[in-house]
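Reading through the structure tokens given below for one structure.
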Amino acid sequence: MSILQKTTFKNIDEKIIYYTIVLTYPLYLLGGLYLVGPVLAWFLLYHAVTIIFNHKVKIHYLAMLWLFSILLIEIVVVIGSFNTGHSLLMTIKSTIGWAKGWALIGVFIFIGAILPIRYYILQQAVINILWQSLLISPLLIIVAFLDFPTLLYISPLKIFGGGGEQFFKVWLYWNDINTGLPRWQLFAPWSPALAFYALLALSIILPRDSDRLKYIAIFSSITLILLSESRAGVIILLILLFVYFISCFFDIIYILFILLFSILIFGVFSEEIIGGILDSINYINSMRSDSSMIRKTLNNIGLYRWYNESFWFGHGNVERGPHIVQFMPIGSHNTFIGLLFIKGIIGLLLYVVPLILTTVYLFFKSFIRRDYLAGFFVILIFLMYSFTENIEILSYLMWPGWLFIGMSLRACSYRCDLNAIDFEDNGQAFVVRK
């Protein structure tokens, strides 16, 4: 089996999506990953709009809600900037940041629901990048234990960035300050982001028919999560595998019975269960106490300044914290707190409302078709990582997940499996019924 599998394309959109994912490593080595994501999003949005005006297209209301909410976030950014006295130049800078951050979420969901891109193409591309990662990983492990340099270089393309040097650094590995052990991040800006990407990739390939390629790709995803040494990644992986195992071996009635029984048990033994969970959380946090302390302090600073300084529309711009948090940006380790600090309670609601609605919608849809379980997993991963990562700043890398959510919503609109949707030459969708 070759890494670059033979793939047939029906249009230019499929080629662009496929090769952008497959060429992740060359783009990373050039320092272009951070730049390609936003360019890709806005280019494909233009094509999606032309399809809407030229053809009759069925658009899922949640895809429209996401796009509308993301556009409103830009208005909140402008209001917040002017309220806190920022200059016009700073406001323009914030708008550019929105265009390559928050905007990508709504745009990729929208184009996933509109553009003539088959699930097969996204699935093949994701399996391809997982294959590449699996082949590269042993080499990176060897160089770490041979004590090679950790940082290779910083791409000169950083002059076109704005998110910081971290997104243009090319690493072999890095040494954890707390444990002294090596951790790997491959093409991601930091190790937990690699686990984030691997979990999304794992979920995206789940609807594929079982074969050797699928199982090797799943093994690759799990390997990347373990190499990242991400606590959140391991916990979320165990949750997803447990739910997937239950869905494979039990009918819907049994799953509902298990859920109801679990709720009953939780109600009776809630104090003991919560106490055990808190003890486990404290133990996990103690494994990297410095990291946990910085996260907690950053969150406290963000909440205090949001509530006392700019409740409704936020500060409009990113600000760095004090020395005690190593000058990290406020809200950088929690999407919700970052939203409150920069965009206020209005900005938070504009993200949380479509996020919760989509999560609940795909949860109930997953009981109808097992294909939709993958979409539920992806939105659930975004929801859980919103507590530990800055979803906005990682949009340039995690966009295949948002694109897949759009595809899942489209499949829900047509009430069919993901693989059942095909397209005519003009981009018009139709369903191949089995």
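We count from 1, first residue shown onward.
Including glycine, each Cβ sits where the backbone N, Cα and C put it.
All TrEMBL annotations are machine predictions without curation.
Here is what TrEMBL records for this protein:
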type     : residues : note
DOMAIN   : 217-352  : domain 'O-antigen ligase-related'
TRANSMEM : 16-49    : transmembrane segment
TRANSMEM : 61-82    : transmembrane segment
TRANSMEM : 102-121  : transmembrane segment
TRANSMEM : 133-154  : transmembrane segment
TRANSMEM : 187-206  : transmembrane segment
TRANSMEM : 218-246  : transmembrane segment
TRANSMEM : 252-278  : transmembrane segment
TRANSMEM : 335-364  : transmembrane segment
TRANSMEM : 371-387  : transmembrane segment
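Counting only same-chain residues 6+ beyond the ends of the transmembrane segment (371-387), those with a CB under 8 A from a CB of the stretch are 196, 199-200, 203-204, 206-207, 232, 236, 240, 243-244, 247, 334-336, 355-356, 358-359, 362-363, 365, 398, 401-402, 404-405, 407-409, 411-412, 417-419. The transmembrane segment (187-206) and the transmembrane segment (133-154) are not in contact, since fewer than 3 Cβ pairs between them lie under 8 Å (pairs 6 or more apart in sequence). Sequence-distant contacts of the transmembrane segment (218-246) (same chain, six or more residues past either end, CB-CB distance under 8 Å): 130-131, 133-134, 137, 140-141, 176, 181, 183-186, 188, 191-192, 194-199, 201-203, 205-206, 255, 258, 284, 287-288, 373, 377, 380-381, 384-385, 388. Sequence-distant contacts of the transmembrane segment (133-154) (same chain, at least 6 residues past either end, Cβ-Cβ under 8 Å): 3, 25, 31, 165, 168-175, 182, 184, 186, 216, 219-220, 223-224, 227. Here the domain 'O-antigen ligase-related' (217-352) returns a mean pLDDT of 69 for the predicted model.
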